[in-house]
């Protein structure tokens, strides 16, 4: 036992004088205790063997002896280095048992699971809005503080989020990265491309027997048919108003509670309906997805676009 402690003392003395660890100091416990014989003099944390102490000492010296051979990123600990390597090897050992999506790290899986559990542990102390991720809360708080750390170098307009700035920059660069594979028309935003693709879609097998309008799914046809049957199965408990589908009822109910759950993260304006928020965001992004085929004039909302079309008809 004394021989082992003596060996550890000898090893620590040798290591303490080694230039490789920059002379990190060691302090020994009394040999009679025979527990955690090595103690870090900087943090007072104790270790049972020299190897553990060496690994720990790197946190104080900022030494990063483990380097990735693929991208040259360096790490203080072997464990961190091994986890990093999964990025290059595509190894994803942590699998969601609800949707089979896999992740490199366990805490990424833990965060992902909140999508399924609807858990939102991070709540805003100002407006009580809750978030699944801490970073989302940090970004949201800028709505209240009016902090806009991401400024455009070309026009000085500032934004709460970096991704909104990135989208905004396309106004200046004229970049349209989303291209339709059918007609090659390009768009600034992915949502604009998604809407555009419906023009080309021919897969509408569900046809209304009353007006011959076609739909891509049976559920859409069923909901549409209520226009003809006047059926409104979703009724408001407050005013007894009926609605064709549940989503419309949910949106309507917010008018009674004065609830406006949809907040613009750029300017803080709130909306009862999500679609109102979507349209509003175009004020900031300058997106105008509705374009007139006759004169090429573009509009940010559908109602203005339809009103304009009457000029040509």
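Cβ from N, Cα, C; glycine included.
Features as listed in TrEMBL:
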- 38-65: domain 'C2H2-type' (DOMAIN)
- 66-93: domain 'C2H2-type' (DOMAIN)
- 94-121: domain 'C2H2-type' (DOMAIN)
- 122-149: domain 'C2H2-type' (DOMAIN)
- 150-177: domain 'C2H2-type' (DOMAIN)
- 178-205: domain 'C2H2-type' (DOMAIN)
- 206-233: domain 'C2H2-type' (DOMAIN)
- 234-261: domain 'C2H2-type' (DOMAIN)
- 262-289: domain 'C2H2-type' (DOMAIN)
- 290-313: domain 'C2H2-type' (DOMAIN)
Ranking 66-93, 206-233, 234-261, 262-289 by Cβ pairs under 8 Å to the domain 'C2H2-type' (150-177) puts first 262-289
Taking the domain 'C2H2-type' (122-149) as the first stretch and the domain 'C2H2-type' (290-313) as the second, find out whether 3 or more Cβ pairs fall under 8 Å, excluding pairs closer than 6 in sequence.
-> no
Across the domain 'C2H2-type' (206-233), DSSP yields 12 helix, 4 strand, 12 coil
